[in-house]
Structure formats: structure tokens, C-alpha cells
Amino acid sequence: MINIRKKHPLMKILNESFIDLPTPCNISSWWNFGSFLGACLAIQILTGLFLAMHYTSDTTTAFSSVTHICRDVNYGWLIRYLHANGASMFFICLFLHVGRGLYYGSYTFIETWNIGILLLSAVMATAFMGYVLPWGQMSFWGATVITNLLSAILYIGSTLVEWIWGGFSVDKATLTRFFAFHFILPFIIAALAIVHLLFLHETGSNNPTGLISDADKIPFHPHYTIKDALGFLLMSLFLLSLVLFSPDLLGDPDNYSPANPLNTPPHIKPEWYFLFAYAILRSIPNKLGGVIALVLSILILAIVPFLHNANQRSMIFRPLSQCLYWALVAGLITLTWIGGQPVEHPFIIIGQVASILYFLIILILMPLASFLENKLLKW
């Protein structure tokens, strides 16, 4: 008699994806972040659903509805902070997941990689719109500054901005549509994640060596389900520690003041996970140039597979590429720090140098290092 999980049409799909899935036996903890992202998405959808039950997307009541959630709703403060810090957790896992893909050469699965870039863009759009919803000072001014960047697009820029705003400034119409998109996008992200998994299971997972591991694979369950369960436990511990001990650690104090179009904060900045891109945007004096650099800072990931010219897939045996990779990580951390600083000397020049290095390492230095490593292997 065939087991029901191998026979039932629906169970068969789940079985082939999470139970009997042939998995390389040597994948490390860096491969856990994909499942962490799934858990983060589930947390965000659930907490977001409960928040949406009490939130009102109207400029006059949005701020007070968030206050009401925290003060009057049963465990509303916990749901709100789980959602806000869950977004930070989401981005930590997302950056580590992309970083692992770059280090171990997972970008050679082009379809999976491109869907991943789409997912990254969708998550960033969702997080940006979510930041606007509490209608605090930084919500309002962040929305004004970031949406206003679209006016740099030639010919249609100004019309496009007014179309997105639904008027001549960020107001009620903007907040309502941002709430609608913020609600629907996580479900689109969930659908994209399924497509991401579909393409991944077509090729099979990569492994730290970057070598084909078809001859040495083990079932996903129980080996990796237990490993993921431990990861979920540690992730939950970290998230709950953040929520229960320092819920406002990653937020902005300005967002505890209601939005006031007549009072500009001294330093407008987005959430910490956008600061690297914001620093790249600010490092270019020209508005259009800054917007192009901002978009390219994410879309540059799409051309990484075409710049790969190394004989070895993974960086595990490529010391020169490893040095450049960690220089890139250091550059991104520097950009994140600079994005949170005021626009003055010496932060301007540090941001410009870090931005140049970011593009230089990915576009020129890494392919050159790979070429040199290929030559050294033959030497």
C-alpha cells in the first residue's frame, strides 16, 4: 500500500517539496535563511491581519488608531511591535540569504535568482508603504521625499508623482492606496516565494563546495526539518527579546509625533534596512543620477550571473574573491551607517567613496579577481 503522502495529489506536492526532497548532505546553517524568510512572512501576514482589523487609513485618525491598538486592544502592543520588528527580522534574513547566494554562487540558477530579486523588490516596496501607515512625522516626510524622487523621470515625472499621491501632496488618498497595496503585496510575495521554490526544486539546491552533489543527497525530513526547527527557535528568541526588551531600538523617535506638513524634521531618513540605498542616492549631487544609482544598487544583482567568469562556482576556494566579498560587506555596513548621518562633512565624502566601491567591486574587481584566480590555477 502506497503512503498517502506519496499518492494524494496535494500531499504529493508537499511531500516532494518538504519531506522526500533530495537535499545535499553538506549544506550549512547559511541555507536555513530561506525557511526563516517563510516564517517571517507568515508572522507578518498574521500580525498584519490583526492590525488591519483596528487600523483606519484616514489622515485624521491613522495616528490615533495606532495609539488605540497599543493602549486599548488586548495584546495590541505585542502585535504592533511583533509586526514592526518582524519587518527588521525579515530584512536581516533577506540580506543574509542574498549574501549567501553571492558567496556560494547560487546566482548561477538564473531563474531562481531573478525571482529572488523580484521578491526583494516587492518586500522593499511593502516595507516602505508600511512605514507610511502610522502617519507619524517620519512616515509623512519619508513618503514625501521618496515618492518625490519619481519627479526626476524625464517628461512624465511630475505627472507620475501627482498620480501616485492622488493630489498635489501626500494626503488622505495617498495613505488609503498605500494601505491597500501594503495589504495585498504580502500575498503576492507568498505567490512569488512558491514560484521561487518551484524553480529551485527544478535544479536542486546548491551546496558550500559549489559542486554537483547528485550522488550524495539525503531526504529533507527529518535531517533538515530538525535543523530548521532549531533555527526557528533561535530566531523567535531573538525577535521576542527585541520586542519585549527594546521594541523601539530600530525605530525613529520622530514617528511618535503626529504627521505635520508645516514642520520638517531636521534629518529625514527611512528605516535602517533602506539606509544603504538612501546613502547611495544622497552621494550623487544630481537628482536623476541619484535615482538611477538607487535603482541600480538593487538591480545590479540581476547582472551578477553574467559577470561570473570563475572556473569554480563557490568562493570557498577563491581567496581573492573572498577578500573582495568581505570588502563589499564592509562597504554596505558603512553605507548603512552613513545613511543615518546628517548630510555634512565628513559623511558626504565617506558615502561617496563607499558608493563608488560598491559598484566598483561588483562590476569590475570581482570579475578581474575571478580571471586572475583562473590563471593562478593553471600556473
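Any Cβ shown, glycine's included, is placed from N, Cα and C.
Straight from Swiss-Prot, the features:
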TRANSMEM  33-53  transmembrane segment
TRANSMEM  77-98  transmembrane segment
BINDING   HIS83, HIS182  heme b b562 binding site
BINDING   HIS97, HIS196  heme b b566 binding site
TRANSMEM  113-133  transmembrane segment
TRANSMEM  178-198  transmembrane segment
BINDING   HIS201  ubiquinone binding site
TRANSMEM  226-246  transmembrane segment
TRANSMEM  288-308  transmembrane segment
TRANSMEM  320-340  transmembrane segment
TRANSMEM  347-367  transmembrane segment
Long-range neighbours of the transmembrane segment (77-98), counting only residues six or more past its ends (CB under 8 A): 30, 33-34, 36-37, 40-41, 43-44, 47-48, 50-51, 66, 69-71, 116, 120, 123, 127, 130, 235, 238-239, 242-243, 247, 250-251, 271-273, 301
Same-chain residues at least 6 beyond the ends of the transmembrane segment (33-53) whose Cβ lies under 8 Å from its Cβ atoms: 69, 79-80, 82-83, 86-87, 89-90, 93-94, 96-97, 100, 182-183, 186-187, 189-190, 193, 228, 231-232, 235, 239
Contact call for the transmembrane segment (320-340) against the transmembrane segment (347-367), three or more Cβ pairs under 8 Å: yes
Other parts of the chain folded back onto the transmembrane segment (288-308), taken as Cβ under 8 Å at six or more residues beyond its ends: 98, 102, 105, 107-108, 110, 113-114, 117, 120-121, 124, 149-150, 152-154, 276-278, 280-282, 355, 358-359, 362-363, 366-367, 370
Surrounding residues of the transmembrane segment (113-133) on its own chain - C-beta under 8 Å, 6+ positions past either end: 55, 57, 62, 66, 87, 90-91, 94, 97-98, 101, 106-107, 139-140, 142-143, 146, 170, 174-175, 178-179, 181-182, 185-186, 188-189, 192-193, 195-196, 199, 270-271, 273-274, 298-299, 301-302, 304-305
Minimum Cα separation from HIS97 (heme b b566 binding site), reported as the residue among binding-site residues HIS83, HIS182, HIS201 that achieves it: HIS201
Outside the transmembrane segment (178-198), six or more residues from its ends: residues with CB under 8 Å to it: 17, 37-38, 41, 44-45, 48, 52, 55, 57, 112, 115-116, 118-119, 122-123, 125-126, 129-130, 132-133, 143
